């Protein structure tokens, strides 16, 4: 179990503009080890851009993001530290699931043997040798998650991982994330499925119009709403819209 | 990263199709220019009892000459018809373009950037993999070129005017040039990202440069700068060192390396600065 006092993910004053549009404005957040943190916000709020800056995929105009205390670009073995699922992308339809994972393993610098492990772990072993073009969205999500788990990371960053998953898959994902956090792992997960976040997350960060409008322990945040995350979220984001 | 990039290239059909098109295209053009046209020229093949074709082509395709046999070995295709660039060039350029743009088209570049925040490593992996795939393709080209020339000379009963040193020299330069063309395609692909744009540039390169040379010839000879365009350098690199060409093959090859190096440097800068 990771008991490091250093947050698994820490961001201070992140800012990102695309031409004249400010996508993310002064976002600060922390994801400690042993916690699942839900990142919530309406479409276009800046969740994905924030995640991409955390992962070094987009350059921040200002601010700093640290993974286990160091910038992502300075990680020696990123895949062994942090796994990410972004849009279930990166899947070539002509490749098989196993080929995709072998490529991911080679990029991550992990042994091919890990491929069978994550295939079994994500329930994708029976479909491993079929072309990805025949996969359902849920299977693609599982395969993307399998790739994220290849390096046995201690941090997961997941952008809408429940998209396309059937109820069994959602239940599996929930259990997997809870077990991951229980082992000392840190999870930052964005989702529009508020009920799912309510089930799985310890903490929540709500972003609207590129700014953090609420963050903290989920129970405390929703206490005034009788623990109803949906009411809290809709009230908060509506207020943020009006303020804007 | 090299192994990952090699797996990427070899697990999609497009790379294999491009290589196969290159080999079959080269085989076709070599058969036409090194076997069929010389056979028509010499009268070994007579169509409908009409010797007119032989009369018209007479002397152009002298299979016994050193010059003919040397140009017949060109891995750029087109056999003895200097100035023609064939499928072989398009295929290796396409292999390079595909090595870069497939990642952008299907989002694989995000996985690569997550696995390797130092993006120079991504480009390094792509360069190494492209070198291996284009080299393997070029070796297949070499086997086709040498095979067709040998078959043509044996079938027509002429001696090989080339020494094996000449063959090795031409083949090694040919393989080097094809690898450089593949890397040029890779640099184009990284810079433009879009598969369609990459292929349009590739086709533009292969079509427009020869047209420009032809126009320049018509209006009063090619200026020196025109000899430093990529495909002109590729062809000049494969010329007979003893032919007394203005641009020696070694200088042409060095200049071509410099151009490809500059293109890859631009690709590296773009890759470093780019958001995914």
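Cβ from N, Cα, C; glycine included.
Feature annotations, reproduced from TrEMBL:
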type     : residues  : note
TRANSMEM : B:85-106  : transmembrane segment
TRANSMEM : B:127-154 : transmembrane segment
TRANSMEM : B:174-192 : transmembrane segment
TRANSMEM : B:199-226 : transmembrane segment
TRANSMEM : B:246-271 : transmembrane segment
### Query
Where among B:85-106, B:127-154, B:199-226, B:246-271 do we find the most Cβ pairs under 8 Å to the transmembrane segment (B:174-192)?
B:85-106
## Note on the structure
Best-packed against the transmembrane segment (B:199-226), counting Cβ pairs under 8 Å over B:85-106, B:127-154, B:246-271, is stretch B:85-106
### Message
Counting only residues 6 or more past its boundaries, what in the same chain has a CB within less than 8 Å of a CB in the transmembrane segment (B:85-106)?
### Response
5, 8-9, 12, 14-15, 18-19, 21-26, 28-29, 75-78, 112, 126, 129-130, 133-134, 137-138, 141, 178-179, 181-190, 192-195, 198-199, 202-203, 205-206, 210, 231, 234-235, 267
